[in-house]
Amino acid sequence: MPGGSGGGGGGHGGGCSISSNSGNQQSSISIVWFRRDLRLEDNPALAAGVRSGDVVAVFIWAPEEEGAYYPGRVSRWWLSQSLHHLDSSLRSLGTPLITKRSLDTASTLIDIVKATGASNLFFNHLYDPLSLVRDHRLKELLIAEGITVRSFNADLLYEPWEVNDENHCPFTTFAPFWNKCLSMPYDPAAPLLPPKRISSGNVSRCPSDTLVFEDESERASNALLARAWSPGWRNADKALMAFVNGPLIEYSVNRKKADSTTTSLLSPHLHFGEVSVRKVFHLVRMKQLVWSNEGNKAGEESVNLFLKSIGLREYSRYFSFNHPCSHERPLLAHLRFFPWVVDESYFKAWRQGRTGYPLVDAGMRELWATGWLHDRIRVVVSSFFVKVLQLPWRWGMKYFWDTLLDADLESDALGWQYISGTLPDGRDFDRIDNPQFEGYKFDPNGEYVRRWLPELARLPTEWIHHPWDAPESVLQAAGIELGSNYPLPIIEIAAAKTRLQEALAEMWQLEAASRAAMENGTEEGLGDSSDVPPIDFPRETEMEIDHERQLELPRINNTTVRRHADQMVPSMTITSSLVRADEEVFVDVDNAAADSRPEVPSTVDFESQPQREVAQAGVQPVANNITPQFTQNRLLNALNSTAESTSTWTEREGGVVPVWSPPAASSRSEHCPDDDDPGIGSNSYLQRHSQSHQMMNWRQLSPSMRSWEVENTVQPNAIG
DNA sequence: CATGTTTTCCG
DNA sequence: GGAAAACAT
């Protein structure tokens with residue numbers, strides 16, 4: 001094995017636990033670095049800080065480090081609210097939250113160390129590719145400064161490296177993974193209680209920066225979010241309790257509904273770590289026990305289903321950890337050859353909810369207006385995106401990232417790969433779901449469509465999910481003129497099916513050609529050139545949106561260079577100006593507000609929706625240089641700073657820490673570190689080519705790691 | 001009640 | 001597309 005391993009400073013646990021200045025553990029000062037674990041309850045890093053003495057609680061805002069994945073507007077709104085909440089609760093226990101604006105997290109942390117005299121740094125693990133690399137590097141830097149660094153699992157039931165199949169290999173499909181999680185020999189760690197009080201480190205020389213999460217143009221839209229959501233860990237806990245004691249029991253019977261009233265609505269809370277997934281798990285399992293004793297079949301079923309969705313979140317981290325480029329490249333190798341349709345007008349129609357398929361359009365408008373979508377509808381719109389429009393899934397993923405309140409890189413990457421059929425257990429590649437049928441399945445009475453597509457509000461249920469079949473007289477009576485008032489289907493499903501067949505044929509052809517080229521040793525030619533280049537998110541995206549919304553939105557002036565693709569959400573005004581009151585299209589807002597559970601606003605003014613094609617050929621020039629490539633380069637640069645081509649594990653106090661070093665830097669710097677990953681073949685490909693199908697990931701690069709695993713069955717979260 | 005037929009459900 | 005479940009005969 002190539003020696004050294006990145007964890008040079010680490011070695012064994014003892015090596016890095018040498019505290020500097022204070023001999024007395026009791027009085028040492030710890031930095032507790034909050035990231036996506038914005039809670040006081042069941043927060044192992046915070047608990048460790050409190051236990052070892054004085055605490056300096058820190059949040060660092062360094063969005064530039066996120067590259068292409070600068071958080072979207074609604075996501076930033078949530079973050080700002082959540083931080084505010086965290087700050088107040090920390091203060092009530094005795095210490096403030098220090099917030100810092102930074103371009104380089106590591107050096108900011110070192111500055112804080114110097115300003116406060118801290119000797120420990122505690123934080124909880126993250127599993128997205130950027131964090132894996134950054135946190136590892138940062139850990140080494142701080143250790144080199146003489147700081148004790150410990151990190152913990154606060155986000156998962158089990159760390160990714162704990163869950164393996166009988167051959168000690170990571171699972172490549174969800175079902176066995178989740179079965180294994182549910183039958184582990186030890187339970188997930190029990191949730192920790194919040195500290196009773198926190199002794200504050202001296203932060204007088206460490207002032208907070210004021211963090212700015214929204215600009216003027218965003219304020220109005222953001223104000224409306226507060227109507228529907230309450231960020232913050234205390235509120236997350238309330239939401240959890242409300243769900244577990246309420247809708248959970250009906251979860252299984254309600255899963256055919258498109259509306260949000262029966263979902264947990266926990267995902268944004270979970271994304272920011274406002275609630276511990278282990279707490280969710282334990283609570284839900286208690287319920288399961290009770291219902292199982294009562295012989296409540298439906299209740300048990302509900303719990304299993306709900307836990308499965310928790311499992312998917314868990315799996316998304318697992319997946320990201322094992323395949324650090326999962327947000328950028330398909331897992332199945334042959335998918336690299338799929339000829340995606342790079343058509344920005346399709347993309348635009350999809351974003352605007354003007355595809356001509358009511359269920360899809362309703363979903364896209366809900367997403368646009370509220371930052372929220374029921375999981376079912378996410379599947380509908382994304383599957384339409386990939387299978388019917390055949391747009392590159394990464395565009396869709398990026399749009400979700402920009403618009404969803406619970407945007408989550410790992411979950412969304414998994415979701416889009418699942419939909420795109422790029423996972424071994426993903427959806428069938430060649431079958432297209434028909435939005436018309438799904439419409440009658442998830443929205444049998446058309447209520448959902450009518451709520452979000454006022455222009456179809458008067459169409460009878462019989463035609464609501466396929467207006468193109470409706471007789472002219474019916475359309476007239478409903479005030480619909482297809483093609484002007486509401487679009488005709490952007491693509492016929494039948495046409496989409498044949499087009500998909502053709503595309504797949506082409507994909508297999510290219511794949512075969514590439515493989516042949518490889519075998520002839522002429523991989524230069526086809527192998528390289530047909531490697532899917534990173535797909536740039538269309539440049540004008542954010543601009544178009546601005547233009548189209550300009551009537552009602554205060555907008556950033558044209559010359560401003562937006563550093564990120566973002567959405568501007570139309571104002572949601574409580575109005576009946578557009579739709580007559582007697583039509584009952586809109587839910588009474590007061591009633592909605594009276595509900596104690598957070599609810600998506602149900603009233604929207606769609607006056608702003610463009611009613612005719614926006615004739616706009618001129619694409620605004622915009623410097624949107626933040627593309628996925630940018631991320632890749634960043635990742636690679638970070639990786640290149642550690643020289644060894646090996647990966648290994650390092651056990652440190654407070655946790656097992658993944659240490660990730662890349663394969664030796666290749667000359668193809670534009671590629672992902674795991675670019676040589678052959679991915680997994682389809683079944684047929686797999687049989688033909690049994691060697692190359694293995695999931696090559698960085699874990700397999702290191703034989704040393706294997707032996708480590710065998711020797712150590714440490715529970716990483718066991719602290720104290 | 002067994003058997004054939006249609007529908008539903010897939011992570 | 002194939003298994004399981006619901007439905008029909």
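For all residues, glycine too, the Cβ spot is worked out from N, Cα and C.
Any TrEMBL annotation is an automated prediction that lacks curation.
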A:Thr263, A:Ser264, A:Leu265, A:Leu266, A:Ser267, A:Phe306, A:Asp406, A:Ala407, A:Asp408 bind FAD per TrEMBL; candidate in A:Tyr251, A:Tyr318, A:Tyr440 listed for that same site:
A:Tyr251
Per DSSP, what is the residue count of the domain 'Photolyase/cryptochrome alpha/beta' (A:28-157) in each of helix, strand and coil?
64 helix, 31 strand, 35 coil
Would you mind listing, in sequence order, the residues at least six apart from A:Leu266 (FAD binding site) in the same chain with a Cβ closer than 8 Å to its Cβ?
A:Ala236, A:Ala239, A:Leu240, A:Phe243, A:Val275, A:Val280
Of A:Tyr251, A:Ser264, A:Phe306, A:Trp393, A:Ala407, which recorded positions are close to A:Trp340 (site 'Electron transfer via tryptophanyl radical'), meaning a Cα within 10 Å of its Cα?
A:Trp393
Secondary structure of A:Phe306 (FAD binding site) (DSSP, helix/strand/coil):
helix
Where A:Ala407 (FAD binding site) and A:Trp393 (site 'Electron transfer via tryptophanyl radical') are concerned, what is their Cα separation in Å, rounded?
15
When the pLDDT values for the domain 'Photolyase/cryptochrome alpha/beta' (A:28-157) are averaged, what is the result?
97
